[in-house]
Amino acid sequence: MEMVEFHKHPLLPVTRFSFGSCKGCSSFGYIYGGYRCNELGCEEYVYHKECAELLPEINHSSHPDHPLKLLIRDGESACNRCGDSFKNGYFCSICDFKLDIRCAKGPAPLLILENSNLHDHPLHLVKKSIYESGYDRKCKACDIDVYFEIGLCYKCYECKLVFHEECDKFFPEANHTSHPQHPLKLLSYKAAPKYADKKCLLCGMGFDQRLHHCDICNFSICSRCMSNPPPLVVVSRTTHEHQLHLFPRRMDFTCNACGMQGNRSPYFCLQCNFMIHRKCIDLPRVININRHNHRISYTRRLGHGDWKCGVGLCSKKVDGFYGAYSCSKCPKDVFHASCATREDVWDMIELEGTPEEPEEPPFVVIDDNTIKHFSHDHNLRINKDGGMLHESILCQACVFQICSELFYNCEECDFILHEKCANLPRKKRHLCDSLPFTLDTNSEGEASKCYLCRQDFTGFRYMCLNRDIVLDVRCSSLSEPFVHESHQHPLYYTGGYCMSKCTACGDCTNREIYSALFNCDECDFRLGFKCAILPHKVMRHRYDDHPLCLSYSESSVDGEYYWCEACETKVNPRKWFYTCKDCGVALHISCVVGDVSYVMPGSVLSVARLAGGLKFYDGEVVPNTSICRPICTVCNSRCKLPSILQCNPRSTIFLQLSMTGYVCSLGCH
């Protein structure tokens, strides 16, 4: 019989170890080898070897009357054998009998345990549900809460006791292939002896609530490695020409594949004195990463040289006598194998044997002064006059002043681009995600919110469609090491759902929103993207005819305050602010760059505000250039920012306040 097609793309056989959920049987843990999808956007599709090779039809002892057919489906069903929920499995269309893959490919858990080490009475296999009154919450075998995880458990109806399903296999002790000398005792983490290691000897992960321990040898492993032991022998021709054997013990070693240190359970080849981390087995040969613009290739030895890793906060020495990644076009750029293959760096696509796509240029050169840019219907001509344009003339890509920079303009309409913006690549990679981004010209002019600085903007944008991520061109241009005038050390990108604080503005990030910062690994300095993209110089402002320069604090000013020319309140000189070096004028950053400063005038923002009741309104961004500044409808003060919102109510639930009129900013209250 032929294998069933589990996935829409061909699956690639691998010997690499991966950690996650098998898309076939949905079990979570280590997958040793197996199959994976090598298409962009499908990097999570990993399968056990036996799951990917399942037959489309089987005969099974649990249902001897009819054959069972394998169905791949999105909805969930309940297994008639164990009662657990599943998606992919075997079905009998005649009897409506359902069997999950776990029960189909291996010994199914017994529905009733008659003679068990767990308990004297019969135990019944049931699906975990809401805790039932009268039953003990904790497993009588390991003293751990049974309802902490979903799945199956055993119950004694007579004694009102519950047991984990897996405790039947391992209580009070069981043998393991990686430690054949003695059986391993099942212990709760709290009951583990103090001398025991705090991490699994095999995979190096911390213990959850239980562990399996040999008190004779001080050998401890986690539940995942106990139920799903790593192979004792691995054959991976892309890794080494000989068999690799597991050496299950604590030992310090240098991995031949990546040159980094390890401290437990390597795989080794005795005749070659070759040792390797389990995670470095079957490293990909050619890959793309978000820290480099070209493909990089794995080499088993770099050779002599003073190398440093090009991935973020690592920047450590790369030993040329071990394996690493390098770029054929940029000989000085090398990367640790363990850094380059991180999930937040590598897009998980192997490119060996795949021809490289030619880079698509953003424009076609017509002559020395004229280009045809892909974003515009007409030709654009470069302007090298060096004159100062009015501050209201904005680049269509970055929505910022052209000022005295080189630019391209259209002679048939008012389309204009900075020279640097005209050269923005059509495709690029960015630190914030491992997948590529595509430049979108946003011809409709709709406003988006940047994933990194969390500000509304129009103009060109980079989009990662697989992740639904949008970046403005300012944030997308920042790379690492990031050198900023405000700090003496290079900064490196970190992102995640965590609480952090920008040193410049003091804003705290939210655990519920993805937060991106540049961090210093030499001191406690952090810089958020909103502050990192602040323009160093603003040419012409309604409060001063000279350029305003960004000041990063004046530590020499002790106990004094400046006076903001816009809002007429104090400016703390020990914080960032804008100042005129000719006149000494000082302004708050929020009085120069507002939250609609990156939105093209004439654009409409749909806004929801909770102020005196929930209100929805459409606000058109308009320049604040009139001699008499309008009064804000919300805060009743004069609107001070260069761009403000002219609002019209769309729908109002509570009518205490009218939203018709002007609003200073989205954050006005």
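Quick reminder: no glycine exception, Cβ is built from N, Cα and C everywhere.
The domain 'DC1' annotation in TrEMBL covers 62-104, 178-226, 239-281, 290-340, 374-422, 542-592. Look at TrEMBL and you will find 620-668 tagged as domain 'DC1-like C-terminal'.
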Intrachain residues whose Cβ lies under 8 Å of the domain 'DC1' (239-281), provided they are six or more past its termini: 15-17, 178-179, 197, 199, 201-204, 219, 230-233, 300, 318-319, 321-324, 336-338
Outside the domain 'DC1' (62-104), six or more residues from its ends: residues with CB under 8 Å to it: 4-6, 24-27, 51, 54-56, 111, 125-127, 151-152
Secondary structure tally of the domain 'DC1' (178-226) (DSSP, helix then strand then coil): 7 helix, 21 strand, 21 coil
Averaged pLDDT score, the domain 'DC1' (239-281): 94
Secondary structure composition of the domain 'DC1' (542-592) [DSSP: H/G/I, E/B, coil]: 3 helix, 15 strand, 33 coil
DSSP residue counts for the domain 'DC1' (374-422), split into helix, strand and coil: 4 helix, 13 strand, 32 coil
